[in-house]
Amino acid sequence: MFLSTLFLVSLATCVICGNPSSPPVVDTAHGKVLGKHVNVEGFSQPVAVFLGIPFAKPPLGSLRFAPPQPAEPWSSVKNATTYPPMCSQDAARGQAVNDLITNRKEKIHLEFSEDCLYLNIYTPADFSKNSRLPVMVWIHGGGLKLGGASSFDGRALSAYENVVVVAIQYRLSIWGFFSTGDEHSRGNWGHLDQVAALHWVQDNIANFGGDPGSVTIFGESAGGYSVSILILSPLSKNLFHRAISESGVAFIPGMFTKDVRPITEQIAVTAGCKTTTSAVIVHCMRQKTEEELLEIMHKLNLYKLSLQGDTKNSDQFVTSVLDGVVLPKDPKEILAEKNFNTVPYIVGINKQECGWLLPTMTGFLPADVKLDKKKAIALLEQFASMTGIPEDIIPVAVEKYTKGSDDPDQIREGVLDAMGDVAFGVPSVIVSRGHRDTGAPTYMYEYQYYPSFSSPQRPKNVVGDHADDVYSVFGAPILREGASEEEINLSKMVMKFWANFARNGNPNGKGLPHWPKYDQKEGYLHIGGTTQQAQRLKEEEVTFWTQSLAKKQPQPYHNEL
């Protein structure tokens with residue numbers, strides 16, 4: 001132990017910033033960290049990588065269901081060259097999702113732990129404190145219950161675009177969002193972890209070559225949703241300066257609730273805890289082991305949909321809540337009042353958000369299930385019970401999305417398109433309009449491309465599935481084998497758009513197709529094999545759902561949608 005510590009200290013004393021022959025060692029507010037250099041094909045200069053840097057204390061014991069606390073300082077040099085454990089989750093699903101979406105060439109075996117508040121950093125090897133490079137902070141997706149930072153290798157984005165990439169982790173599921181709706185467990189712990197990571201970036205990223213005054217937060221699915229929540233939250237004011245939401249915004253149905261009682265009591269009862277008071281529940285839940293909480297998740301099956309059973313009693317997410325801290329009001333009210341972080345904002349979706357990945361991973365529509373109209377209505381009724389959509393709208397929606405056809409393939413495609421619009425397309429347009437109306441620069445895109453390394457089980461007609469854009473954003477065609485020149489060039493273009501936006505709040509630049517602002521003309525960019533301007537993304541679908549819902553309730557748009 002003494003010799004290994006001596007070795008790390010000797011590295012710290014001999015390292016010279018900008019000398020890639022020496023492993024990089026950087027000072028943080030809590031102690032020194034040792035990283036490593038990794039190569040990117042086509043670049044002579046490597047990327048400096050730091051893995052598993054703690055940004056908060058392990059959220060264990062009394063810190064379970066509590067705000068994150070600053071990390072404890074360390075005296076020796078901390079080895080930051082191995083992937084940190086991902087936050088507690090279903091291990092089999094977590095590994096499966098990682099293997100499907102990772103941009104890495106090699107596969108890694110993941111570890112999972114309640115001790116998981118770590119971040120990874122990728123920065124050009126010649127960095128110095130004076131580099132002042134744009135910082136891009138990635139928030140992973142996974143429905144607030146799966147995923148982690150290490151599925152995403154930031155080396156290509158960092159090398160090609162000369163930016164600092166930071167991938168953060170946050171508590172998930174019960175650990176991240178359990179709430180009693182009062183001071184005993186307010187909830188939104190995962191969002192508070194995200195805020196804590198952004199504070200860490202402000203305090204430390206300059207030493208890694210980053211500019212704390214030029215921070216872009218970006219994320220996909222639940223990560224894009226989290227970005228949107230952070231835009232609306234007063235806690236994150238001045239912690240970032242631009243934002244990108246990919247396939248996820250604050251209005252995703254079923255991801256936010258004002259009433260935590262049903263799911264909280266269900267969790268407590270399943271855990272064998274008395275529900276007499278909030279204090280009793282929280283005390284009992286803190287005594288449970290990590291394995292016991294995982295077993296509760298499995299018993300409750302918290303978000304799997306199926307065609308079987310009573311469609312009116314589908315299971316719930318453990319979601320973001322109205323806590324009075326992260327979210328002082330309903331997100332819809334905050335957006336309407338225009339009182340939030342009005343930073344430049346990119347919002348995007350994929351062409352077929354529910355094409356294959358989400359139905360497969362959640363089990364709500366296996367590939368071998370044939371649908372008729374009756375089954376389609378039953379499935380969408382179950383989906384509606386999760387999202388707050390009145391059931392009597394469903395038959396009309398089925399007719400619209402299937403174009404009146406009785407063909408099972410067209411019914412299936414229509415049902416999945418309806419789900420994609422309700423969950424992603426329509427909310428993304430509504431949030432973009434609200435952001436635009438503050439005067440903040442706003443951009444929208446729709447991505448449509450079939451990645452060459454998609455799962456062999458994925459149908460060839462699903463082009464632009466959930467998370468497909470992430471492959472381009474993180475340079476997967478460059479890091480993985482088998483991509484065509486067209487696919488590699490698409491990824492380079494997308495990385496350039498994202499990095500330009502991180503640099504100056506505008507994705508446009510020399511040699512790129514023009515990306516119009518999302519103004520009253522509602523211009524957006526169609527990104528894919530052919531990248532070109534278009535107008536009024538999902539206009540017909542937004543009109544259908546908003547008008548249908550307006551007839552059923554006094555509010556212009558449902559609280560959850």
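The first residue you see is number 1, and the count goes up from there.
Glycine is no exception: its Cβ is also placed from the backbone N, Cα and C atoms.
Given the ranges 58-61, 438-441, 514-517, 558-561, the record in Swiss-Prot names 558-561 as motif 'Prevents secretion from ER'. For Cys284, the disulfide partner named by Swiss-Prot from the candidate list Cys273, Cys354 is Cys273.
Swiss-Prot lists a disulfide bond between Cys116 and one candidate from Cys17, Cys87; that candidate is Cys87.
Candidate disulfide-bonded residues: Cys87, Cys116, Cys273, Cys284. Fewest other C-beta atoms within 10 angstroms, Cys284. Note: the Cα of Cys87 (disulfide bond) and the Cα of His466 (active site, charge relay system) are spaced 22 Å from each other.
Separating the Cα atoms of Cys273 (disulfide bond) and Glu353 (active site, charge relay system) is a whole-number distance of 39 Å.
All protein chains considered, the CB of His466 (active site, charge relay system) has 28 other CB atoms within 10 Å. Each residue contributes its Cα atom, and for His466 (active site, charge relay system) and Ser221 (active site, acyl-ester intermediate) these two points are 8 Å apart. Ranking the recorded positions Cys116, Ser221, Cys284 by Cα distance from Glu353 (active site, charge relay system) puts Ser221 first. In the three-state DSSP assignment, the secondary structure recorded for Cys284 (disulfide bond) is helix.
On the 0 to 100 pLDDT scale, the model's mean across the motif 'Prevents secretion from ER' (558-561) is 35.
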